[in-house]
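If you check Swiss-Prot, you get these features:
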BINDING   Asp36  [4Fe-4S] cluster binding site
ACT_SITE  Asp294  active site, proton donor
BINDING   Gly429, Met430  substrate binding site
Amino acid sequence: MKLAYWMYAGPAHIGTLRVASSFQNVHAIMHAPLGDDYFNVMRSMLERERDFTPVTASIVDRHVLARGSQEKVVENITRKDKEEKPDLILLTPTCTSSILQEDLQNFVDRASIESNSDVILADVNHYRVNELQAADRTLEQVVRYYIQKANKQGNLNLTKSKTPSANIIGIFTLGFHHQHDCREIRRLFQDLGIEINEIIPEGNSVNNLKNLPRAWFNFIPYREIGLMTAKYLEKEFQMPYIANIPMGIVDTATCIREIQKIVSTLQKPMDFESYIDKQTRFVSQAAWFSRSIDCQNLTGKKAIVFGDGTHAAYMTKILAREMGIRVACAGTYCKHDAHWFREEVQEYCDEVLITDDHTEVGNMIARIEPAAIFGTQMERHIGKRLDIPCGVISAPVHIQNFPLGYRPFLGYEGANQIADLVYNSFTLGMEDHLLEIFGGHDTKEVITKSLSTNSDLTWSADGLNELKKIPGFVRGKIKRNTEKFARENGINEITVEVMYAAKEALNT
């Protein structure tokens, strides 16, 4: 545990609650003190849904600490069973309530006797895993529970579908553009003649999990959540899975060829090459755009990419391979998947950063001074302070990245959206010059951009006037170099003379 005002991945119980609230008719009981129960508010604020968040907090208060939690937890489970009549009640502690070291499995066993619903304790170590790892583990636990239950009852559906079919595993509530990506994947599979067997967990019922073995293969759109479930199904039922994400023109084609290979081994050979060619050359605009003069203007520009493993890795490859943009640094906060990430990006970027500390990311951005950043909401904040444009490509995000319109990141339409995002994130070449030349009406003041919240430097009036004369595209860099020089030499006020002294010092 650590104290931080910004976390890229939340605590483990958030991942478990995301799984529970993604399924239909599943209720979560969160055994937690006040302060840990913000999930309901967060989901209600961010997700564009009309239903209530199915999470109840069983509050740990002074009475619980005096008498123990069993009575209260069991009462909450049985009460929700009678009120909501859910198919499953999922009990989870938080990292705070885990300190009490209570036997929650015993509470679950007792509540199961009095409840008509299935009751499960989330099998997650709250001190060792983060939100994404916990969600991955909880989904696998729920799937395993219902597969084993169906097997005992003799109603497990092991008969394969007549036509090629797939399960899509890993579409979640509060996911980054998950609903849009799901629609795009469904459309892609429909074009390829592949039936959708089940989509889990978003919008599905736990009672349908017994149908998972019907599918020919499993498709994992994001490796952060869903991979454990796919590996379990592969081990139990020899079901192949695809974890090659269709993000960008090149990797979408690779993913389709992988589907072709799996389907062809199970029935007569299929050929999707003509579909790939048609989509790449005539339907998708991204391939054409990458060869246009507009995109060529971006060639060689420096960018930084940071986010979850899936989005950061594939975004790095899109920028480097498809658009000719130099990725100065690619990074992820998924430290548990660092080996895979390095393997994916090391040949497409200058350096790799694996960290969950936002200050390290901020310092790296300030040091490299890229033309654009592609990251999370935090990198967007950093970019604003350093006057560097930022395109958001990964969770964690705020409300503006839960759009009402259709904005997928996967498939051929996703490639179009990414091309737009990339181009619009870079400052257009003549924009700053035109503002400088014709901007007599422009009242924008040049302000100090720094990652430090307590700047100890002031700019004199003549210093600011001199700074305004410098073209916008290099102004930020000169300003930071001047401030660095001033700090190193103990100067508190920056004048024109200090600016020239800093320039001379830099040139020597």
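Glycine is no exception: its Cβ is also placed from the backbone N, Cα and C atoms.
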Lowest local Cβ density among Asp36, Asp294, which the record lists as recorded positions, within 10 Å: Asp294
Where Asp36 ([4Fe-4S] cluster binding site) sits in the secondary structure, as DSSP reduces it to three classes: coil
Distance, Asp36 ([4Fe-4S] cluster binding site) to the residue listed as 'active site, proton donor' (CA atoms, angstrom): 48
Collapsed DSSP category at the residue listed as 'active site, proton donor': helix
